[in-house]
Amino acid sequence: MKIRIFLGLLSVLATGFLQAQNNSGDAEFARPDLVHRFQIHISQAKLDSVMKKVKAATLPRQMPPRDNASNWETGMDMKWLKDLQTYWIDSFDWRRQEKLLNSYPQFIANVDGFDIQFYYIKGEGKNPLPLVLTHGWPGSTFEFFNVIGPLTHPSRYGGKSEDAFTLIIPALPGFGFSSLPSRPVNANTTAKLWHKLVTEVIGYKQFVAQGGDWGAGVTVRLGYFFPDDVKAIHLNFFPGITVPESEQSEAERKYFATINAWRIGGFDYWRLQADKPMMAAVALDDSPLGTAGWIAEKFWAWADHHGNLDSVISKDRLLTDIMLYIVNPGGIDGSFWYYRGALSELNASTWPGYVNTPTSISKYPGDMPVTRPPIETARRGYNVVRFTDMPRGGHFAAMEQPELFVRDIREVFRPYR
């Protein structure tokens, strides 16, 4: 009888262990009860609905630009958008891209009531360094697909196995297949979610972090709130710092003058998405081509492509990113909640102070002016240990220039292994 009870207990324990293993694939988690495997599969009915709207969409007349500028000066080149529409209808294959999106292990974790979609890819070798990569807007987790292989398995790409990372790539709340929050949130909340995801759900005691755009804001706060757990951070976007005019160096005066001039036209999207998000949501949520135009304009404006966006980001990759804003449960307006959250979470009372965590900043020449501060500005807010002018690339660095991005990341984090 005792033997039967013992064997029964072993069976129960083994079954529980197998369920935990199956629940999270081949990965191991500190809290497997909070994690389940996830794969993207958009219903054919949804895809048919999107395509029907893309085919039916009509484009407005092209407004002539001012001063013989490019049509993009008006906000969109209609010929370019018509070409994208034609490619979308005739050539784009979502199922092929969906298969690519599912080619790396991804999961949903419940963290403080938020369902967070994340990719979790273990690196080669004995001790790969855990690295959290955080995207921004209008990017997605897909931004990092060009660099996953070289970062996790460098020996397959001409590198050394001792430079390997284990990657955690979460989707921001309201983006991708992370759940829409019950209220608008931003970088402060997200940083705390990411820390809990990495240290409590997955189970790493220490890690490093990287981000651009909103991902930079999250990464900065990881370094600020959790300096004992976050060994170092890397930014390819510079979250702004206010410097009184009387204290500005000559380089800073030029920098802030450039930013102020850029904000007149370059910041309109931000104000709309933060101040009147539902206005944009009503216009875009039921219009796939409208959403494509809204997003693609930022890829055109912020990527480093010299008039040929296809040269750095193919139409397939661009449309995959766009589709992640169309077919996700929250639609594109889910991402606007993040901008609304900035009005409450990123005000003066919640903005971090000096970030003591070792900080590396890489400035890409094609990105918006705010991302390219002089080093004295960066040092006012961060423990800057590395400050790099990249030779090319823009806002979507990992997508545009994966080889440069990978080399930079390896060098930045090598001292923290």
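Note that Cβ sites are derived from N, Cα and C of the backbone, with glycine treated the same way.
TrEMBL annotations: computationally assigned, not manually curated.
The feature signal peptide is assigned by TrEMBL to 1-20.
Annotation source TrEMBL lists domain 'Epoxide hydrolase N-terminal' at 36-144.
In the three-state DSSP scheme, D213 (active site, nucleophile) falls into the coil class. Sequence-distant contacts of D213 (active site, nucleophile), defined by Cβ-Cβ distance under 8 angstroms and a gap of at least six in the same chain, are H135, G136, W137, G139, F237, H395. Feature annotation from TrEMBL assigns active site, nucleophile to D213.
Per TrEMBL, active site, proton donor is recorded for Y339. Non-local contacts of Y339 (active site, proton donor) by the CB criterion (under 8 A, 6+ apart in sequence, same chain) comprise W137, W270, Q273, A274, P277.
In the three-state DSSP classification, H395 (active site, proton acceptor) falls within coil. The Cβ of H395 (active site, proton acceptor) has 25 other Cβ atoms within 10 Å, all protein chains considered. Feature annotation from TrEMBL assigns active site, proton acceptor to H395.
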Through the lens of DSSP with three states only, how would you label Y339 (active site, proton donor)?
helix
Confidence summary (mean pLDDT) of the domain 'Epoxide hydrolase N-terminal' (36-144):
97
